[in-house]
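This report concerns only the one structure given below.
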Amino acid sequence: MYIEMVDETGQVSEEILKQTQEILEFAAQKTGKENKEMAVTFVSNERSHELNLEYRDTDRPTDVISLEYKPELDIAVDEEDLLDHPELAEMLEDFDAYIGELFISVDKAREQAEEYGHSFEREMGFLAVHGFLHINGYDHYTPEEEAEMFGLQEEILTAYGLTRK
């Protein structure tokens, strides 16, 4: 999995950048998304507030904003076309590779780690996995969706070794 990471805050350590890369690759493997691409931008509460207002019409900062990328291709392609034109198949695969972008508030992660009584590393891992699942179609609007998403999220974090303690 290719992950572009940008730290707009200048506060994210190399260890956290490495952990974020690793846990997202781990989550991608667990969900069958290894051949995908995404971006992660670490932001301040101020920037998170701006983004939350712009994308969600919510006037406050938030911990993670997930922007799922859903490309629309306005052409019909059948299997014969793909067999006759392997370059078309490759182009379509590349077209579908980018899955989205996460904006993680470093300030909120610190606040929440303290509030929930676990490490900053755990909170950053949690936010990365939570956002990753959102850009891959998981949600928590209904009790059933919540059980599925939160169950998978906890399974990934625990298997990776980021527990609440």
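These residue numbers are counts, starting from 1, taken along the chain as shown.
Note: Cβ is positioned from N, Cα and C throughout, glycine not excepted.
These numbers come from a predicted model, not from an experiment.
Pulled from Swiss-Prot, these are the features on record:
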| type | residues | note |
| --- | --- | --- |
| BINDING | His130, His134, His140 | Zn(2+) binding site |
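In sequence order, Glu146, Met149, Phe150 make up the list of same-chain residues 6 or more apart from His140 (Zn(2+) binding site) whose Cβ falls under 8 Å from its Cβ.
Fewest other C-beta atoms within 10 Å: among the binding-site residues His130, His134, that description fits His134. Under the three-state DSSP scheme, His130 (Zn(2+) binding site) falls in the helix class.
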